[in-house]
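Taken straight from TrEMBL:
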TRANSMEM  68-86  transmembrane segment
TRANSMEM  98-118  transmembrane segment
TRANSMEM  124-148  transmembrane segment
TRANSMEM  169-189  transmembrane segment
TRANSMEM  201-220  transmembrane segment
TRANSMEM  281-299  transmembrane segment
TRANSMEM  333-353  transmembrane segment
TRANSMEM  365-386  transmembrane segment
TRANSMEM  625-645  transmembrane segment
TRANSMEM  657-680  transmembrane segment
Amino acid sequence: MGKIKEKDAENYGKEQRSPKLCGTNYPVSIAFIVVNEFCERFSYYGMKAVLTLYFMRYLGWDKNLSTAVYHAFSGLCYFTPLLGALIADSWLGKFRTIIYLSIVYVIGHVVKSVGAIPDVGDSTIHIVLSVLGLVLIAFGTGGIKPCVAAFGGDQFDEENTDERRKFFSIFYMSINAGSVLSTIVTPILRGDVKCFGGDCYALAFGVPAILMVIALVVFISGSGLYKKSPPEGNILVRVCKCIGFAIRNRWRNSKNSPKQSHWLDWAEEKYPKRLIQEIKMVFRVLVLYIPLPMFWALFDQQGSRWTLQATRMNMNFGGGFILKPDQMQMLNALLILVFIPIFDMGIYPLVGLCRIKLTPLRKMAIGMILAALAFCAATVVEINVIKTVVEPPPAKESLIQVFNLMDSDVRVQFPGHTVFSEPLTQYEDPSGYTSLPLTGQSQLQTVTVSHNGTEHQCELRFTERAAYSLFLHRPVQPGGSVCKLVEDHITKSENGDAYLRFINTHTENINITVGEEEFYATANYGISHNISVLRGEYNRVVCLTDSSKYEIDLGLLDFGAFYTVILTQKSNDLTLTKMEDVQANNINIAWQIPQYVFLTAGEVMFSITGLEFSYSQAPASMKSVLQAGWLMTVAFGNVIVLIVAEGAGMEQWVEFLLFAGLLVAVSIIFSIMAYFYTYVDPDQLDKIFREDTDDEKVKSLNGMKNEAVSMADMPKQTKM
């Protein structure tokens, strides 16, 4: 270990020049860095794309807990860059920090993948491994985040500024390319590849782990070509110490000393005036950062609430192309690549021709409004999506639907209620569930069924907050019951699967095979279990009785629908009547495109402009401080979602509308703050302090001249 440090010290002491790419001014070393970034971003976004569904479907968490943990992880990924910058600048340097934290990153991926293997321990072990893996990943990805881009910039000579700027464009492209590809591939690995009897989350997490290993190997491979700068001390630490000293000094001397024009001026006893002035400039920008977390609170819900919304939509794009709900996130990265040139070369110049001055802060405010519009669009989609959802009944209520399997119309009467006032037609598809009031948590009711002039009494027990199907059929035996009450499952599949059950009016038992699922219904009105099946066309479904084999055509079993299929024997054939108990997801997933368009346009105007504004308003030495502040706004935005998801307990469309309203309010506050902000030129600070330094030199020279003159005028002393 000591030899490694000595060797690194030697490398730091030498100015290493990397070979150039094909006669250009681009160092060969940046190729390794760009490939490393592509693989790392594939690794991160690929894992994150399936994370929310993993929490719900594999770990069994509810929507709110899944959302909260998702955003807690996202927030941690943006808190840890402070630690990475501190380690790189104060201790290890960028090169070794990237390597060591990438190893932590890989370990996190491996632990996460192992936790997704059902055969490894019980559910508690899976949760522990998943959380531990996510924490390690957060420290890995966050720790290297501030290092990789800066390390790439270090590879260029000072005179190659144009090449350095183009490198950052290529670097940004590699990030988005990795994001687009991974959010397409990993959901396919999750859903289309089956392992351990279900969705293959172990593979969906394992492939990103392999990509992170490749990223690490590629980065180490270029070790001999890199220009490595030694740690120079972390400016953020120095800024914090200066602020701390100013606060303490002000507290100690507030009564005895004259007031300062600014509270930071109390640090002048120990710290240079230039540093204090630079911190003041940074503070003016950081104050503008205060409202910004609300934008990120909306932006980062693409991977949580919007993905969950997509699970309740029709994912058929036509032409046999079925999109997975967690693949929609790739639209953001794809649209970013399209929108950046459109805005830079089209929209902004056109606005300029209209003599409208779009300052950076105005662009950011417009970006907030666009993000709010995205959530208004998401609200409209959500309101239409929930129309196909059967909500569980409240306390002291049940839901009931009645199937008439008799040979003619029947009337049903519930004591004290007129829920079914009209006669029910034979084999009529119920129009939906009807609310049935109860006197308590559970109630026994005597239901009267009138058929062909004969009344039948059925004693039925209903429980609150439950849904039921009541099947009316001819008595199997003389004097037998004509009622069969079944409690229904009404919660839609998060996979978009359809639910299916069979009613067997045949006199023999029936086995039915639908895809890979097996159904069994006993003779004389036996009811099979309600089982989920993949969405699709089922045209040749095999039905086996004790004596015969039949084929039936179920047709399309659509996304999220619940079907009851009644099997009846007619003239030596088996016929079916298909009824839709719960409506299919009829809102196409393409309706999410407008909200992604609004949000991505908002990101272009808000995020990219915000970074440019921050860098233009800060001295060169303070850019890393502002970068840390910017990342903190993302972290706190995720904290906001975490709090709302766990504490609000409101309907989803109301929550979307709340976020939109909050962001509009925040954008108004931000606009007021921006109105009173005065743009500055950090280069003027160099000019001022250069002039001050020159004045001090002149004063010093004049003082030396005056001292020489006065010494010349002194009387000479006589030697003793």
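Here the Cβ of each residue, glycine as well, is placed from N, Cα and C on the backbone.
Sequence-distant neighbours of the transmembrane segment (281-299) (same chain, 6+ residues past either end, Cβ-Cβ under 8 Å): 239, 264, 361, 367-368, 371-372, 374-375, 599, 602-603, 606, 610, 613-614, 617-619, 622, 625-626, 629-630, 632-634, 636-641, 644, 659-660, 662-663, 666-667, 669-670, 673-674, 677, 680, 682, 685. Only pairs six or more apart in sequence are counted, and the transmembrane segment (68-86) with the transmembrane segment (365-386) gives fewer than three Cβ pairs under 8 Å, not enough to call it a contact. Only residues 6 or more beyond the boundaries of the transmembrane segment (98-118), in the same chain, are considered here, and those with a CB under 8 A from a CB of the stretch are 40, 43, 47, 54, 58, 84, 87, 92, 125-130, 132-141, 143-144, 147-148, 151, 196-198, 201-202, 204-206, 208-209, 212-213, 215-216, 219-220. Below 8 A, the CB atoms of the transmembrane segment (169-189) and the transmembrane segment (333-353) form 3+ pairs separated by six or more positions in the chain. Beyond its flanks by at least six residues, the transmembrane segment (201-220) meets 32-33, 35-40, 42-44, 46-47, 50, 54, 58, 98-99, 102-103, 105-106, 109-110, 112-114, 116-117, 182, 185-187, 189-190, 193, 195 of its own chain at Cβ-Cβ distances under 8 Å. The stretch with the most CB contacts under 8 Å to the transmembrane segment (657-680), chosen from 333-353, 365-386, 625-645, is 365-386. Beyond the ends of the transmembrane segment (333-353), by six or more residues, the same chain brings 45, 173, 176, 179-180, 183, 596-597, 600-601, 603-605, 608 to within a C-beta distance below 8 angstroms of the stretch. For the transmembrane segment (625-645), the list of distant contacts is 64, 67-68, 71-72, 74-79, 81-82, 85, 145-146, 235-236, 239, 282, 285-286, 289, 292-301, 304, 610-611, 614-615, 618, 655, 658-659: same-chain residues at least six beyond its ends, Cβ to Cβ under 8 Å.
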